[in-house]
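S.K.: Got a structure for you, written out below as structure tokens; questions coming shortly.
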2 protein chains.
Amino acid sequence: MAVIAPSRRIRRTPFTDGVEAAGVKGYTVYNHMLLPTVFRSVEEDYRHLKTAVQVWDVAVERQVELRGPDAARLMQMLTPRDLRGMMPGQCYYVPIVDETGGMLNDPVALKLSEDRWWISIADSDLLFWVKALAYGYRLDVLVDEPDISPLAVQGPLADDLMARVFGDAVRAIKFFRFGWFDFQGVSMAVARSGYSKQGGYEIYVDGTKNGMPLWNALMEAGRDLDVYAGCPNLIERIEAGLLSYGNDMTRENTPHECGLGRFCSTQTAIGCVGRDALLRVAKEGPTQQIRAIAIDGEIPACDQIWPIVAKGKRIGQVTSAAKSPDYHTNVAIGMVRMTHWDEGTRVEVQTQDGPMTATVHENFWI
Amino acid sequence: MAVIAPSRRIRRTPFTDGVEAAGVKGYTVYNHMLLPTVFRSVEEDYRHLKTAVQVWDVAVERQVELRGPDAARLMQMLTPRDLRGMMPGQCYYVPIVDETGGMLNDPVALKLSEDRWWISIADSDLLFWVKALAYGYRLDVLVDEPDISPLAVQGPLADDLMARVFGDAVRAIKFFRFGWFDFQGVSMAVARSGYSKQGGYEIYVDGTKNGMPLWNALMEAGRDLDVYAGCPNLIERIEAGLLSYGNDMTRENTPHECGLGRFCSTQTAIGCVGRDALLRVAKEGPTQQIRAIAIDGEIPACDQIWPIVAKGKRIGQVTSAAKSPDYHTNVAIGMVRMTHWDEGTRVEVQTQDGPMTATVHENFWI
């Protein structure tokens, strides 16, 4: 594997010093920024995530801030999820679609107040889409990227660690809610959320200069909890069916194909720019959909689309895959046509190392 | 340095097989795609680029295609460069700005016909900006990313190599013009352009499947010309003053600050969304500007902003730097305030390894 060349264009985060001190071994690039992918080994990180607590540099989840009288209107233009019932203090997972219903991003939105929102984005320059919409519609809204960098605390001991740093009140935060908590005199949004199914929090660290002090405070407070630096874990996120924008879904796909229909209320999401395009698919359902795929044998790294084939015909593709220690199979995420998406369907996956047999499942492992 | 983790999200290009066979040693990520940064060593690649001919995988220069009756109007909305005089067959370097005059990208635009354009983009999802503008203004135009992947042939022997593969007619292509040439029955745009000052071409390879056959044909035809795989060379591009979006300029900067005022005709670029914001700066000039900086001593890799300081006050920043074998100094690109941008001004550059003395120059080396 080739090394990643250093340049200012690939931005360091407020936590990169801590990440490097912890011995990061691999990076990917996400929103023009460094995202760690492995510390000790993907398997060791996986086991540790499921048993202890990790601190994740997820500053790559940049925020798109909407502020002003038209902020709520603009927010609803972006997504087929109906936002009318959303209250300040709530987080919503919101598929973002273009005028054809194609996915542009799959962020978590935080409603700070009626006229102020943060969109915590996946890997695409959503800012460009939002700014141009605001401009084209002459909306009264400020759209910008603030100096906010999420730091995740994930794992079964996350509550204990967070309580030591932010106080016991963090334990009361409900899933996909956030509250405001002080760290060294700076108020920060703390949400119960994160890109794993091991439980935990995301701290929206306000101000680059506050990054390393908080990182160090968490590491210090969690010594006897076996805290360590971590990152979104490829194996665990596939077991959990957590999709990755750019990997498992792109602009080619509707939210319904991505299995995100439950987050769409297309009929009532009035103002969404993709609403017209999605009404029909929302009613009739998609012709292909995300599925869990169990692949037999020894697989290489999934760095490209793997076609899924049945009786010589292409019926889908695998886009993420990893060997799972806990489930004794290769866990994978794929998009499968409706003719072959039923539980237990046997298919063939064509990797760069040759064809492998596989089974389609309707549910993910975790 | 950490390795880059494999994933489908970081797209391989039509030429990645050839790049790997040539022994690529480093990558960066650019438009969600792999861009090679070094083959033998940055210094060896540099010397070879200046004496022979290289084939560069620059598929990361994705195309944004505009097609339809409103294509020309939309194109002019994007840039303060006046496009009225542009003819089919011409390439224009076009600063792209938002409504505040901030740079969103610095691509080369190709005018295929009155109603069809390609924008060959730098590292940002310009597609999102263009699509949302077209939607907001209800323009009659199709905006999409076609299956076109540029392959550059750069170096003093580029004409000879290209003539062997495409015929002697390629020699007649003028600078920043393009023509249509056949390769194995497929017509491709071939432009005299590229991200070096050693001369050469960019081939807009039409169709992923035609990538490796063309790569191999060039390698085969150029054996006695010492052809080898190459890539944009950090040292040569700094010597030449070729800016890099995300490194040397961002959304924070106007084209005028980037020294791109000569590509702007803001007064007459009617329809440009950034025109109002830029009229004043176009008239009065910027208060900071890109400069060549010669840094003394031994410098580390420039993976972050290096503040430029004079008498204890911050007066600018360096964003790209490399040791130059030909010019016996560290060549660098910086943004410097007008109080210190005159030729020969002595300043201090604060690297992560400590402060270095440096000199501001008005002209780049090549």
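Numbering starts at 1 and runs along the chain as it is shown here.
Backbone N, Cα and C atoms are what each Cβ position is placed from, and that goes for glycine too.
Keep in mind that this is a model prediction, so the values were computed, not measured.
From TrEMBL, here are the annotated features:
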- B:E202: substrate binding site (BINDING)
- B:19-267: domain 'GCVT N-terminal' (DOMAIN)
- B:303-362: domain 'Aminomethyltransferase C-terminal' (DOMAIN)
S.K.: How many neighbouring Cβ atoms, not counting its own, are there within 10 Å of the Cβ of B:E202 (substrate binding site)?
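M.R.: Its Cβ shell of radius 10 Å holds 25 other Cβ atoms.
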S.K.: Looking only at DSSP and grouping its letters into three states, which state does B:E202 (substrate binding site) belong to?
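M.R.: Going by the DSSP assignment, B:E202 (substrate binding site) falls within a strand, counted as strand.
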S.K.: Could you give the number of helix, strand and coil residues in the domain 'Aminomethyltransferase C-terminal' (B:303-362) as assigned by DSSP?
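M.R.: Output for the domain 'Aminomethyltransferase C-terminal' (B:303-362) reads 3 helix, 40 strand, 17 coil.
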